[in-house]
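Undergrad: Questions regarding the structure given below will be posed in turn.
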Amino acid sequence: MKKQREKIGHLLKMTPENHSCWLQRKIAKVCRRKIIIEKEKKGCYRRLLQCIGFGKSKPDRHLNLNGQTIPKRFANNKIRNQKYYVLTFVPVVLINQFKFFFNLFFLLIAVSQFVPFLRVGFLFTYIAPLAFVLLITMMKEAYDDFQRYRRDKEINEKQYEKLQGDGQFGFIKSEKIKVGDIVKVNQNERIPADMVLLYTTKHESSNIFIRTDQLDGETDWKLRKSITFTQEFHHHGGNLIQLCEAKVISEPPSALIYNFKGKFCRDQDNDTDSDERLTLENTLWSNTVLASSGYILGLVIYTGNETRAQMNSKNPNSKVGLLDLELNFLSKLLFVLMVLLALTIVISDGFHANWYIYLFRFVLLLSSIIPISLRVNLDMAKIYYSWGIAKDVEIKGTIPRNSTIPEELGRIQYLLSDKTGTLTKNEMDFKKLATEFSTFTVDDLDDIRNIIEKNCHDEDSPAKDLYRALYPTEEDLDLTKTGSKGKSNTMRRKKRRDLNYSIRDLATALAICHNVTPVHNNEGERELQASSPDEVALVKFVESLGYSLERRDQKEIIIKNKIGVMEEFEILECFPFSSDTKRMGIVVKYKKNGLILFFCKGAEVVMKDKVKPQQRSDLLEKCEILAMEGLRTLVIGQKVLSIDEYETWTNRYRKALNDYDRGDYLAAKVRDELETNLDCLGVTGVEDKLQDDVEKTIGSLRGAGIQIWMLTGDKVETATCISISTGLKSRSQPHFFMKEIDNLNEAEFRLKELERNVENSCFMIDGNTLDVCMSNKNTEETFFEIACKAPVVCVCRCSPTQKAIITRKVRKYTGKRVACVGDGGNDVGMILESNVGIGIVGKEGKQASLAGDFSINQFSFLTRLILWHGRLSYKRSALLSQFVIHRGLIISVMQAVFSLVFYHVSIPIYNGFLMLGYSTVYTSLPVFSIVLDKDTGVQQALDYPPLYKTLQKGRSLSFKTFLIWVWKSIFQGGFIMFCCIALFNDSFANLVTITFSSLIIVELLNVYSFVNRFNWKMGVASLLTLLIYIITIYSFRGYFDTSYINGTFLWKIFALTFASWLPLHAYKVIYECFDPPEQKKILSGKSYR
């Protein structure tokens, strides 16, 4: 483009005025036309990219309160979570099913039967099994989709009230709500679309609470506030729709549920002085629920698939179990075996003309080798396992959210666990309070109360010493001039404040700097509601000191001090806690004397740079001491502002907030200026209680051969104590620390030191050092190679992103099955990255629980979930899948023998009815009853964790076991066929009845022979199947020749059956006498290696 413009200019410039330049001007004209065409093309491409979600972002939305909007068109509010449409249901399901090798293979087999010279039997024989599998799948998908349709319909037809032009309310369905509507929502009603809060009946505070557990999984209520202007206008009788000039400007749709950028303008002139900036606190996202009493009015800003809830409702990545991958490999081996067997028959007959057609016909005859019913049996078995987990009363509340991988619980070799709320209860108990003067414990609480009470009697406000310094009286000035050693002069000379002042200010800070609101429930009882259990714990602690939170709203906080005096504070600014800032701040004004105070609390890692330089070393020392005792620390700081200082600062802060595009960034910069040179009031140390039986659980899991990693955001010192108290570190294991390393060479040197004794070390590393190790590809590989050999690894100061990366890398470098367990939103990443994600329903909410493949209520449930249910599911699935493979393989071997003996004839030995009955009514119940098998009792599995370790070798389902089952099938199938021909040489007409009857009885006996513990349910299934078979023999005489059935006939049948079954059964019994299975060795007390 640029070169073409330069060319045009050059041509026009170089043309002489007195010279003919038609050709040059013609070239310039053509070039101009090319530029116009390219611009039009780029415009088309840009519009196309925008249509499919790329290109330039969408513009901001301008929504007038009278319903007029810019732009005009938006997504409708109809919710649709169905996977299919009526017209596309069958095609989509079929496409998804034929992606599997089994189904595609049998589809090709069925299609081949429409070719006359390839047909080897009844078409029904080949279509029926495939149709049966597809029918079951379609019925399941249709039922699930119908349930989704019913849920969507209930939500879409929910009635809401919409504010109309005359000020009255009219009913409207949820699916009819549009952007720009003003909708009324009552208590305990679902928010139908994303809205901005205009008005609430809680006029005194203009605040409401919403429940967001269906959006973000957090169970604590969230505080929201209405727009100040619309709140006052509607409260005084105004009709919001009549505010024709007022509008809300909102950002384009986004998936970020914790961010929002908008602005409320009173008139079309966009006067910034009267504008009100809108943030997350002014919004109500769809699928949240109004918890406060009364009702609210909200302006709809996003609808349908543009709401935050819909944009975050992504389908989770489907996880494939290791057992499924192994069976997929074995199915390919079976295919090769089938082709080799067919090729053997053709070769034995010689390569005649059209031999390849005969080869294909034999492949069709032997297609039973590929067990199409395997997936159906396994899916039903997995559903049964999941049902058993959900119904286990010993782990009540456990929910299997992913029913496709229950057997993965039996293959775990690495368990990555969060700490707070997972290994601990997330219930905080106050243990210590460290101040500049001394450290107080629980036993010293009475001393703290006495100090606070004394100061409340002596002084009428908090920070009174600082107030005198800031606003000295004439008496103070006189004392200063005369050099008297009065209070003011003494205070000015002191480097440290008096203990009674700092202790009272510390209590005041804990009573004010939080987001806790006292509410009353339906029974009239007082409750403390907050977005974090830590906040509630601290407020309850300060109430135990005598400071009671009486009232809190958007404008003020009222607390009752130790002597019963009400202290009223006006809230000037509030900076909520976030995971990015790791701190919270609040600016308040004490109404009695106008003193402006700024309180700030946060993690030591950020607060160490906020306090005065002379206090930093003492602060770090106290935090380290508390952390070494396993306590969680919180630093509290304070700053006194003069009126001039505050007004100067707040003007700059307001100006920064009103910047629509860069408001958050500029406001954060101004806020950082306020958070300097804080007085450190003290450090609180709280203990997070351990989960019940956490030490016993960790011991059992380690005894089962599972290596445990603890990933936590706490300091190294805190994690060190937790590793000891939870039993992660044994007494004989020393700690090996890698922390505060910022040099790659040093990290490599420390890794070499660790490698010398890694198998007997508790490896402790912090997040920064981990980043250094992962900054180089070779070092990263070395790190995980060494770390994965350690019995215990603790990663401290670990971010949510690092947790997910660690999970991914452990899977990559070990190739082992990794399980992750956590309870908070910061654990969702690693749960999704793991082979098995386990979420704990905790005080932080249900985010991890909803994201996990399994949901449990406490950490100790892992013992029973993994060592019993996981082990049992894997062993049952391994035996069931191999038995189903054997069932198809044995009948194919009989078909091959039949074709070889009878002159290589390519006709089926059994017709379609018998083939279908063999894989369904005649064997399905006995074979499926294998899911009831147990090799040991539940208590033995829990008492002997090494039983689980035997599964990690993968011996239950391997290439070796596959070959053993192939040999069993060849032996039994060949023995039945050859012996039948030898014993019944005068009854070839009855060959079908004889061999098929023997086959059915042998399969029933095989169930008894190869299960670990035969129970009465298996016996009932076998007897019922045998009874059904006897009935069908006499009911369908067209398929069976019953004229020769007599005593001699039956005797020979049973002799043939037992001769083919008894050798294998006897060999198994004798072999186990000399070399028992590993579980019997462990239970008998023999050493296990």
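Note that Cβ sites are derived from N, Cα and C of the backbone, with glycine treated the same way.
For D418, the entry in TrEMBL reads active site, 4-aspartylphosphate intermediate. According to TrEMBL, the ATP binding site annotation covers D418, K419, T420, E535, F577, K601, R632, T712, G713, D714, R797, K803, N826, D827. According to TrEMBL, the feature domain 'P-type ATPase C-terminal' maps to 850-1075. The transmembrane segment feature in TrEMBL is assigned to 84-111, 117-138, 329-347, 353-374, 884-903, 909-932, 962-984, 990-1011, 1018-1037, 1049-1071.
I'd like these features described in context: how deep, what's nearby, how far apart.
TA: Long-range neighbours of D418 (active site, 4-aspartylphosphate intermediate) (same chain, six or more residues apart, CB within less than 8 Å of its CB): M710, L711, T712, K803, V821, G822, D823, G824, N826, D827.
Packing against the transmembrane segment (329-347) from elsewhere in the chain are residues 101-102, 105, 355, 358-359, 362-363, 365-367, 369-371, 374, 885, 889, 892, 896, 899-900, 904, 962, 966: each is 6 or more residues past its ends and has a CB under 8 Å from a CB in it.
When Cβ-Cβ distances below 8 Å are used as the criterion, the transmembrane segment (353-374) is approached by residues 102-103, 105-106, 109, 112-113, 117-118, 120-121, 126, 129-130, 133, 327, 331, 334-335, 337-339, 341-343, 345-346, 881, 884-885, 887-889, 891-892, 895-896, 899, 904, 906-908, 915, 919, 924 of the same chain, each at least six residues removed from its ends.
Below 8 angstroms of C-beta separation, residues 330, 334, 338, 341, 344-345, 348, 362, 365-371, 373-374, 377, 909-910, 915, 918-919, 923, 927, 962, 965-966, 968-970, 972-974, 976-978, 981, 995, 999, 1002-1003, 1006 of the same chain, each at least six residues beyond the ends of the transmembrane segment (884-903), sit close to that stretch.
For the transmembrane segment (909-932), same-chain residues at least 6 beyond its ends with a Cβ under 8 Å from one of its own Cβ atoms are 121-122, 124-126, 128-129, 132, 368, 373, 377, 380-381, 384-385, 876, 879-880, 883-884, 887-888, 891, 894-895, 898, 991-992, 995-996, 999-1000, 1003-1004, 1007, 1011, 1015, 1017-1018, 1021-1022, 1024-1025, 1028-1029, 1032, 1036, 1039.
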Undergrad: For T420 (ATP binding site), just count the other CB atoms lying within 10 A of its CB, please.
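TA: Excluding its own Cβ, T420 (ATP binding site) sees 24 Cβ atoms within 10 Å.
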Undergrad: Where, among 84-111, 990-1011, 1018-1037, 1049-1071, do we find the most CB pairs under 8 A to the transmembrane segment (962-984)?
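TA: The stretch with the most close Cβ contacts to the transmembrane segment (962-984) is 1049-1071.
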Undergrad: Around N826 (ATP binding site), how many other C-beta atoms are within 10 angstroms of its C-beta?
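TA: Within a 10 Å radius of the Cβ of N826 (ATP binding site) lie 22 other Cβ atoms.
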Undergrad: State, in Å as a whole number, the widest CA to CA span among the ATP-binding residues D418, K419, T420, E535, F577, K601, R632, T712, G713, D714, R797, K803, N826, D827 given in the record.
TA: 26
Undergrad: Honestly, do the transmembrane segment (1018-1037) and the transmembrane segment (990-1011) touch, with at least three Cβ pairs under 8 Å and pairs 6 or more apart in sequence?
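TA: Touching, yes - the transmembrane segment (1018-1037) and the transmembrane segment (990-1011) meet the threshold of 3 or more Cβ pairs under 8 Å.
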Undergrad: For the transmembrane segment (990-1011), what are the same-chain contacts with Cβ under 8 Å, counting residues 6+ beyond its ends?
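TA: Residues 879, 883, 886-887, 890-891, 894, 909-910, 914, 918, 922-923, 926-927, 929-930, 933, 972, 976-977, 980-981, 984, 1018, 1022, 1025-1026, 1029, 1033, 1039-1042, 1044-1045, 1052-1054, 1056-1057, 1060-1061, 1064-1065, 1068 contact the transmembrane segment (990-1011) from elsewhere in the chain.
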Undergrad: Six or more residues beyond either end and a Cβ under 8 Å away: which residues meet both conditions relative to the transmembrane segment (1049-1071)?
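TA: Residues packing against the transmembrane segment (1049-1071) from afar: 968, 971-972, 975-976, 979-980, 983-984, 994, 997-998, 1001-1002, 1005-1006, 1009-1010.
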